[in-house]
Amino acid sequence: MDGGNQSEGSEFLLLGMSESPEQQQILFWMFLSMYLVTVVGNVLIILAINSDSHLHTPMYFFLANLSFTDLFFVTNTIPKMLVNLQSQNKAISYAGCLTQLYFLVSLVALDNLILAVMAYDRYVAICCPLHYTTAMSPKLCILLLSLCWVLSVLYGLIHTILMTRVTFCGSRKIHYIFCEMYVLLRMACSNIQINHTVLIATGCFIFLIPFGFVIISYVLIIRAILRIPSVSKKYKAFSTCASHLGAVSLFYGTLCMVYLKPLHTFSVKDSVATVMYAVVTPMMNPFIYSLRNKDMHGALGRLLDTHFKRLT
């Protein structure tokens, strides 16, 4: 397993966060519980939105797609992690590692872009309510979502293709929970300057520009809310944005904990922060968006009531 270029038959060893059998058992049950909560929560959000005509609006259209992305995101990483925690064989093939990396990178970018589009939706709803129906037409919503998908797919392809040019030497042991770009680049023995340059350039375009757009949108939203004379209307306007603002803060906060640092300082200690954006954020999003949302409460109640009646 030493030296030379990777071939299709070569493997990495995903050792995870701990090599202690006792700790691995604890981690297994913890991640299994979090995975099941994430799957159930996001599936319920998708089903509730699809089954309730009152939720067939741009905001919930994007929320359903965000839930689908989060569902896909955790399914890309956690099942393999659970298998590794219960197995002595912790190997992942080179092709499997790159596949996991591709979906990881693409889906993080997609999550980011959808959150930016949702910020625009909230801006139009609060700042231009009279033009909301025309400004957020079904055609525009589909166009915006399609653009998010195209950009995220291209972003993932660029970095995955560049990773195939990297040579790995020495130990193939990855003290991490999945195949993560920074971890793989730290293991490289070839020149990764082009990877690093492209990572910064594309990262600024895919992450910093949407993040800046989100910040500007919320500055304008808060200004508009403060101008509303009625206290009850202020509260209603803010409550429609609070859940999205919470999701944005959680997503970017955890992402910054991992990636807002030089590549050479990246270490296995960052795996804890990675768990936050890779596992905790997708798990928390359904709770954040439904906690104080009466429309979502009603839709979920009707959905569960219908299914319980069918069972009885």
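Heads up, the Cβ atoms here are built off N, Cα and C, so glycines get one too.
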Does the record from Swiss-Prot show Asn50 and Ala224 on the same side of the membrane?
yes
Of Asn65, Asn195, which does Swiss-Prot mark as N-linked glycosylation site?
Asn195
How would DSSP class Asn195 (N-linked glycosylation site) in three states?
helix
Which state, by DSSP, holds Cys189 (disulfide bond): helix, strand or coil?
coil
Assess whether the transmembrane segment (26-49) lies in contact with the transmembrane segment (237-259), where contact requires at least three Cβ pairs under 8 Å among residues 6 or more apart in sequence.
no
State the mean pLDDT for the topological domain 'Cytoplasmic' (121-139).
91
Determine whether the transmembrane segment (272-291) and the transmembrane segment (58-79) share at least three Cβ pairs under 8 Å, counting only pairs 6 or more apart in sequence.
yes
